Amino acid sequence: MEDRYGREIRSFRLSITPKCNLKCFYCHKEGRNEEHGKLMSADEIGKIVKSSLEFGVRKIKISGGEPLLRTDLPEIIENIKDEQIKDISLTTNGILLEKYAQKLKDAGLDRVNVSLDTLNPEQYKKITVGGNIESVKKGIEKAIEVGLTPLKVNFLAMDCTVNQLPAIMDYCRKIGAILQIIEFIPMEPELKHHHIDVVPIEEEIAKSADQVFTRKFMQNRKKYLIDGLEVEFVRPMDNTEFCEHCTRIRLTYDGYLKPCLLRDDNLVDVVNPVRNGEDTRKYFIKCIEEREPFCKAQ
């Protein structure tokens, strides 16, 4: 199904918990800054995802908080697995990944994205307020070992991390991971000074790239191949291209459909209709009708 701007719905991002085992100072909490409501059950998540297939969803991304804190995560994955779904991936900080990688693979997870903003142990501990970078590295190694690939490393480009980019690139090249460089969205005014423009970084990468590809169904993102390393950029801020080609809807941890990453004022309750035994199609239709580009071309 297309929205009124002609954008197909192909991807569904599920936040399954607001809780996290780290306290990264920059976290935007998937656009939900306050904890409220109760978590959806594995069964409810499964029913909501199965309903989304009618509207064209073919890719699922599981996120949090930290999704590995849900002890029923393998059950959630099993419940959403369907032959119509081409890809189920998960975004994690990697702290618990070594322990659970095999169980997730066995449940039907295809691949993982792991957040890693620095390779400096002390800086990592400072950014995450106590995180152990060695646990993350071991988790990445285990994920690759069990076949949760292609593994992506999510690098958040900020004023305090950008000097780590060359080392992160070398690390990803060495382990065979894809590097995703993400623009920082400051959700609070006091964090604005950490934002940097990633356009010049992308321009430099483009100059050195051996090949450049365009991902049509991922906001027309460019993918750069440079010395054997795949690099992608995610630039949601003031980016008309990002919004114009968006194919994703979202589900909050407490069961609301979220038409736009950057808005929190047009959510559509879907979990209570599920709990009441209602047909959820009209709620998906309402969500899709609410979609409009946050950043529009002038």
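Quick reminder: no glycine exception, Cβ is built from N, Cα and C everywhere.
As recorded in Swiss-Prot:
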DOMAIN    4-227  domain 'Radical SAM core'
BINDING   R13, K61, T91, K152, R248, I249, R250  GTP binding site
BINDING   C20, C24, C27  [4Fe-4S] cluster 1 binding site
BINDING   Y26, G65, S115  S-adenosyl-L-methionine binding site
BINDING   C243, C246, C260  [4Fe-4S] cluster 2 binding site
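If you take every residue in the domain 'Radical SAM core' (4-227) and average the pLDDT, you get 94. Here C24 ([4Fe-4S] cluster 1 binding site) is positioned 21 angstrom away from K61 (GTP binding site), judged by their C-alpha atoms. The secondary structure of I249 (GTP binding site), as reduced to three states from DSSP, is extended strand. Using a 10 Å radius centred on the Cβ of S115 (S-adenosyl-L-methionine binding site) and all shown protein chains, the other Cβ atoms total 21. It is I249 that, of the binding-site residues C20, C24, C243, I249, has its Cβ surrounded by the most other Cβ atoms within 10 Å. In the three-state DSSP scheme, T91 (GTP binding site) falls into the strand class. In sequence order, R111, V112, N113, V114, A177, I178, L179, Q180, E232 make up the list of same-chain residues 6 or more apart from K152 (GTP binding site) whose Cβ falls under 8 Å from its Cβ. Using a 10 Å Cα-Cα cut-off around G65 (S-adenosyl-L-methionine binding site), the binding-site residues C20, C243, C246, R248, I249, R250 reduce to C20. Spatially, by CA atoms, the binding-site residues Y26, C243, C246, I249 include one closest to C20 ([4Fe-4S] cluster 1 binding site), and that is Y26. According to its DSSP assignment, C243 ([4Fe-4S] cluster 2 binding site) is helical.
When the Cα of Y26 (S-adenosyl-L-methionine binding site) is compared against those of the binding-site residues R13, T91, I249, R250, C260, the shortest separation belongs to T91.
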